[in-house]
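> Taken from TrEMBL, the feature GTP binding site covers R43, R93, T128, K189, R291, L292, R293. The [4Fe-4S] cluster 1 binding site annotation in TrEMBL covers C50, C54, C57. Annotated S-adenosyl-L-methionine binding site per TrEMBL: Y56, G97, S152, M223, in sequence order. The [4Fe-4S] cluster 2 binding site annotation in TrEMBL covers C286, C289, C303. Residues annotated as domain 'Radical SAM core' in TrEMBL: 34-252.
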Amino acid sequence: MSTVPVMIGMPRPRAAADLRSGVLGVPGDPLVDTYGRVHRDLRISLTDRCSLRCTYCMPEQGNEWLARSSILTLDEIERVARIAAADGVTTFRLTGGEPLLRTDIVDVVRRLSAIAGPDGRPVELAMTTNGIRLPELLPGLVDAGLKRLNISLDTLRRDRFRDLTRRDRLDDVLAGVAAAAASGLRPLKLNAVAMRDVNDDELVELVQFALDHDAELRFIEQMPLDAGHTWDRSRMVTREEILDVLATRWSLTPVPGRGGAPAERWTLDGGSRTVGVIASVTAPFCGDCDRLRLTADGQLRNCLFSTTEYDLLPILRRESADEEIDGMLRACVHGKLPGHAINDPGFLQPARGMNAIGG
Ligand code: SF4
């Protein structure tokens, strides 16, 4: 088996040649792409399964699940994570699907949180979840080393929640938020996709709910990542619209020092409480992107919107040297485009839905 990346989109033969010649760097070098962006954030999707069926993420029926035999084991995930950390990755974010559906989730957290970078400092372990299993699992996750939580919550109204997620589980999510608020994990973030005529009359309410739970609400512009390919730009509520609504309730002051973070943040009424907006469509932040993704079935992706994947699975499932995995990480980073091009007429939505990519 060769270490040449498996390409879904345009072939990039130079990356393969550079990989063999070592031009892309050697183990321990930072993961730098051709635009100078240093990659420090590895998003690890643990499963494509979910206990909800959000309309902007998955079709109601007919979703093609990843084959169980292709799902990375804990040992395989840990190996990739350890190599990435040696290359300067400082944050692992566990995603899905719903990461808490992994039966070995506490062990995943324990093993990954024990990984340290070359400077001996432990990597920071974060998770994005729908929150449903937090009441039962959070104590074990915190004990295992989880440091930060993002919980998805698009609406506070039960009928809307049921329509949006196709499941009547709002009370379970709210119990998860309460459990997170009662834990010591801070900053706690709640993520809401803003959607026209769905929840755009709840923006102030959602921020207030977050404040009441010592959390930061972060609104996300809806992106073309749904498995059903039904994204409609006119349904998207833009950053400007969100800010206009929030400004009717609070005075907003920009928080400086965003760095590579996806969210722009504002303080509320000049205090310490904040709100964030992730404006991936109308104000892309790709120029500072430091993110790399590992899907549950062992594909490396250099962008949410990438149509190219780098297949680690065969390397992980045969006798292979760590250098081969390191080389694939480098090839993936090297192949990264400057941005997502959502706003270009020729934009192509990736074949995978959000649940199989990882948020
Ligand atoms: S769209 Fe791609 S390049 Fe841009 S910020 Fe997101 S992951 Fe990074």
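Any Cβ shown, glycine's included, is placed from N, Cα and C.
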> Quick one: of the binding-site residues C50, C57, S152, C303, which has its CA closest to the CA of R43 (GTP binding site)?
C303
> Near ligand 1, which of the binding-site residues show up if the criterion is a Cβ under 6 Å from one of its atoms? Options: G97, S152, M223, C286, C303.
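Within range of ligand 1: C286, C303.
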> Based on DSSP, name the secondary structure state of R293 (GTP binding site): helix, strand or coil.
strand
> Please classify the secondary structure at C286 ([4Fe-4S] cluster 2 binding site) using three-state DSSP.
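Reduced to three states, the DSSP call for C286 ([4Fe-4S] cluster 2 binding site) is helix.
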> Which three-state DSSP class does M223 (S-adenosyl-L-methionine binding site) fall into?
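Going by the DSSP assignment, M223 (S-adenosyl-L-methionine binding site) belongs to neither helix nor strand, so it counts as coil.
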> Express the predicted model's confidence over the domain 'Radical SAM core' (34-252) as a mean pLDDT, rounded to an integer.
95
> Closest of the binding-site residues to C286 ([4Fe-4S] cluster 2 binding site), Cα to Cα, picking from C50, G97, S152, K189, M223?
M223
> Between C50, C57, C286, C289, which of the binding-site residues has the fewest other CB atoms within 10 angstroms in the structure shown?
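Each of the binding-site residues C50, C57, C286, C289 was scored; lowest Cβ tally within 10 Å is C286.
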> Other Cβ atoms within 10 Å is the metric here; tell me which of the binding-site residues C54, M223, L292, C303 scores highest.
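Compared across C54, M223, L292, C303, the most Cβ atoms within 10 Å surround L292.
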> Listed binding-site residues are C50, L292, R293; which of them have CA atoms within 10 A of the CA of G97 (S-adenosyl-L-methionine binding site)?
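Matched binding-site residues: C50, sequence order.
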> How many Å separate the Cα atoms of R293 (GTP binding site) and C303 ([4Fe-4S] cluster 2 binding site)?
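It is 7 Å, counting Cα to Cα.
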